[in-house]
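Trainee: Pulled these features from Swiss-Prot for this protein:
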ACT_SITE  Cys27  active site, nucleophile
BINDING   Cys268, Cys414, Cys465, Cys468  [4Fe-4S] cluster binding site
BINDING   Ser315, Asp377, Asp378  Mg(2+) binding site
DOMAIN    27-252  domain 'Glutamine amidotransferase type-2'
Amino acid sequence: MIPTQPLTADLDCDLGLERPDRPEEACGVFALYAPGEEVARMAYFGLYALQHRGQESAGIAVFEGDRVMLHKDMGLVSQVFDPEILQQLQGSLAVGHTRYSTTGSSRIANAQPALLETRLGPVALAHNGNLVNTVELRQELLAKNHELTTTTDSELIAFAIMEAVAEGQDWRGAIESACRRSQGAFSLTIGTPEALYGTRDPNGIRPLVLGTLESNGQTRYVLSSETCGLDIIGADYVRDIAPGEMVRITDAGLESWTWAEAPQPKLCVFEMIYFARPDSLFHGESLYSYRRRIGQRLAKEAPADVDLVLGVPDSGIPAAIGFSEALGIPYAEGLIKNRYVGRTFIQPTQSMRETGIRMKLNPLKDVLAGKRIAIIDDSIVRGTTSRKLVKALRDAGATEVHMRISSPPVTHPCFYGIDTDTQDQLIAATRSVSEITEQIGVDSLAYLTEQGMLEATRESIGNFCTACFNGRYPIAIPEEIKRSKLMLETVTA
């Protein structure tokens, strides 16, 4: 293992210096099998494209037969890796990960990929998602005297693979066994000495795509959380890995089979609304185009008599353009985003916090002065930063501020890999629209309906998980977890 020097990256910032006022993604995974290529460098670029899915830590494991080298650390991909480190990571198979965690679990031990030694050799695992039976799995492993070194469910899946191998199963059987023991959301990329594996849970809640890269007359296979990870290395998108599907990639090519007994798609609709990059495809559909369509639908459902339409950078912009197009109202770039504000700047004073919104977004006074504006955003979670944003717009001279949200109200927490608050902290779970309108200080507020959100997709509307909007969870949540939103991140041995 290459020695690392942990980099502190423990400050949260967005629209002010508090936690972002929207759900936060948990992870991005990227892997490829490409003998003769610089797989670590390719994985680096893939993770760089997936940086929006996790900014806390990053890691890459590289295999050459039974030999594996791993480098992971706290920080952004560009902070964790440099040319010298990548040069040391030589091999034919790479598994990479970029991570966002919930509060309290920000430590190097939880960075991925998870790496364990088994009877058949090393296994490296990268995971996007969250299990809901983590307490049960953890207790089972501790009862067998396994020494757990992290507070992640990803380590539990890796240990389940190790146990199955110890019982005599081959890699394929062991990975399938671990998947069957795991309940919840998981998209996995797994490196072993003999193959690269990729799989999704039976509901396919978290995304995983397959791509190909032509090199020296050979077809190489790539796995990524999003197609933008394929684009950056020049790989072609082939298809999404199906719910409950597993693929195995070796020198012989690609094998695919369904390990789940009755897969039932329940894709995370928030991937389409916000999480995934707008230049990615979601099951073959352009997310930029989808977000423009939901903006158009929002304009139909909740028009506004205004002079200008603005989008909250960056995620609110496509919907704002669609809203503007549908109503024939000019779209304006009235908010300038400072793209160099991140999670590693100096701790602010309280006075800085009170005016901190301008560290990330600065209104253009000459655009906004004397104008009635509609501001479009993808979601409201707590309402804290929305209130600050509205105040900043009024201070810049806007005479009216009407807010439109391109998703339904978030009323329930996510248990499948998205960092949301407990239900009592979700503003739409405890307040009416009129109360939220008053609290954040807008002249009017409206949300896209759930029907409008789903009808704008090209997928069957029954194929989505919409639990954060209606509480209908596709995978049963244990009551003790539902009451407290106690995920493994907060469990200690």
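Cβ coordinates are placed from backbone N, Cα and C, and glycine is handled just like the others.
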Trainee: Would you mind pulling the DSSP three-state label for Cys268 ([4Fe-4S] cluster binding site)?
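Mentor: For Cys268 ([4Fe-4S] cluster binding site) - judged by DSSP and reduced to three states - the answer is strand.
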Trainee: If one measures from the C-alpha of Asp378 (Mg(2+) binding site) to the C-alpha of Cys414 ([4Fe-4S] cluster binding site), what distance in angstrom results, rounded to a whole number?
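Mentor: With distance taken Cα to Cα, Cys414 ([4Fe-4S] cluster binding site) is 17 Å from Asp378 (Mg(2+) binding site).
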Trainee: Quick one: average pLDDT across the domain 'Glutamine amidotransferase type-2' (27-252), no decimals.
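Mentor: For the domain 'Glutamine amidotransferase type-2' (27-252), the model's average pLDDT rounds to 94.
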Trainee: CB neighbours of the residue listed as 'active site, nucleophile' within 10 A?
Mentor: 26
Trainee: Where Cys465 ([4Fe-4S] cluster binding site) and Ser315 (Mg(2+) binding site) are concerned, what is their Cα separation in Å, rounded?
Mentor: 20
Trainee: With Cys27 (active site, nucleophile) as the reference Cα, tell me which of the binding-site residues Cys268, Ser315, Asp377, Cys468 is the closest one.
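Mentor: Nearest candidate: Cys268.
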